[in-house]
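**Student:** Grabbed the feature section from Swiss-Prot, which reads as follows:
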COMPBIAS  43-55  compositional bias 'Basic and acidic residues'
COMPBIAS  119-128  compositional bias 'Low complexity'
COMPBIAS  159-179  compositional bias 'Basic and acidic residues'
COMPBIAS  394-419  compositional bias 'Basic and acidic residues'
MOD_RES   S139  phosphoserine
MOD_RES   T191  phosphothreonine
MOD_RES   S246  phosphoserine
MOD_RES   T250  phosphothreonine
MOD_RES   S261  phosphoserine
MOD_RES   T323  phosphothreonine
MOD_RES   T334  phosphothreonine
MOD_RES   S337  phosphoserine
MOD_RES   S348  phosphoserine
REGION    41-190  region 'Disordered'
REGION    235-312  region 'Disordered'
REGION    354-427  region 'Disordered'
MOTIF     369-375  motif 'KEN box'
Amino acid sequence: MTVPSAEELDSFKYSDLQNLAKRLGLRANMKADKLLKALKAHLNPETRKENKNQDENQFSTDETEIHVSSEEQAETESGGHVTKTRRRRRKKHKTIHGIPTSQTLLQDHLEMKGTDSSNFQNQENQENQDPRDTAEVPSLPEQRPEDGNAASSGEGEVNDIKDSKKPLEKRSLCTDEFSKLGNNKRTSATTPNFKKLHEARFKKMESIDEYIMRKKKHLKEHSSLNELKLDKKGIVTPVPPRGRLSVPCTPARQQCPQGHSATKMNVRFSAATKDNEHKCSLTKTPARKSPHVTAPGSASKGQAVFRTPKSKATERTSIAVITPFKLMTEATQTPSSSKKPVFDLKASLSRPLNYKPHKGKLKPWGQAKENNSLNERVSRVTFHRKTYKQPHLQTREERWKRQEQERKEKKEKLLEARRNLGVTKAQ
């Protein structure tokens, strides 16, 4: 790889300079001027030394500038401090002769350091003491009398610094006290006595014995009502209404229900399910005796067995009696169970006709059409010759006639298709 000279580098393009920097292992993502300088410095060691000297000179000039600016800031601060002290001394009827020297400033700085350390020790002692004692401490320096006439200029400056620091000390002490008190309160209120809380909750709750007693009482009250209902149902016989016959006595012909509704039918499921006997509600219709006959051996001692002696008359009538359930089953027969009736030709011919049959000649089916294509063509030509200057406009009546004819043709085609006449004609 040939190393290009400085003149050749100046003639290079930016892309060539970047490629060269990448080959040499330098950073290529820079501006053109900086990249050219970096390449020259890398290739020529003399230029590198010159760049180093330039950097050192720049650094020294920067340091001198920083030093000068810091001195100027210090002078401005010292001037500001003097003006403040002058104002304070005017208020206290004091005068300052001359500008403070560097020695006096150093003494003030040392005194301030001493006061800071003493203040820090006092703060530690106050923290160890009680908060009441610490609250009383900052009020002591306020009670001291000011010795303005006997104090010198240096002492006055120190006193001013101390006076300016007093409110800061008070604030810090007060904030520490309040923070300590707040922390103590929080820690004391965070842990409640759970034992007392649980005891109060358990006292409010009802005991198990009380709950059982209340439940038993409630059941007794309701069971007595149910027993009364059962007694009434067992002893009292229902009185049939005057205007109507009872349901089991009606013959099959008189009973013609148009539609059986569940509300009108008196259905009792308690016979089938004895466990629901105590849940009977007060119905509008009187309760019927259950047809379920119990055996004399199976009947319990407490229950009375009701039996009706069956006579011959009742046996005869029982055949004619049809209950609503039987009616329902007879009326609703499934199509799968019922067999399809076989067509009997003799029986159908013997029956009288329910319509009047047609007598006489029948009209021919489908009119015989002649080949009138030639005649139609001649008539059409003559018609156009007559009306070539005034063309014939289609009227509504003609349109209606055409539509009516189309409808008739459509109807005939449908009838032919239904009666399979089109197939026979084709054959």
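Cβ coordinates come from backbone N, Cα and C, glycine included.
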**Student:** Distance between S348 (phosphoserine) and T191 (phosphothreonine) at the Cα atoms, whole Å?
**Tutor:** 103
**Student:** For the compositional bias 'Basic and acidic residues' (394-419), what are the DSSP-based totals of helix, strand and coil residues?
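**Tutor:** Taking the compositional bias 'Basic and acidic residues' (394-419) as a whole: 24 helix, 0 strand, 2 coil.
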**Student:** Could you tell me the mean pLDDT the prediction assigns to the motif 'KEN box' (369-375)?
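**Tutor:** Averaged over the motif 'KEN box' (369-375), the predicted model reaches a pLDDT of 61.
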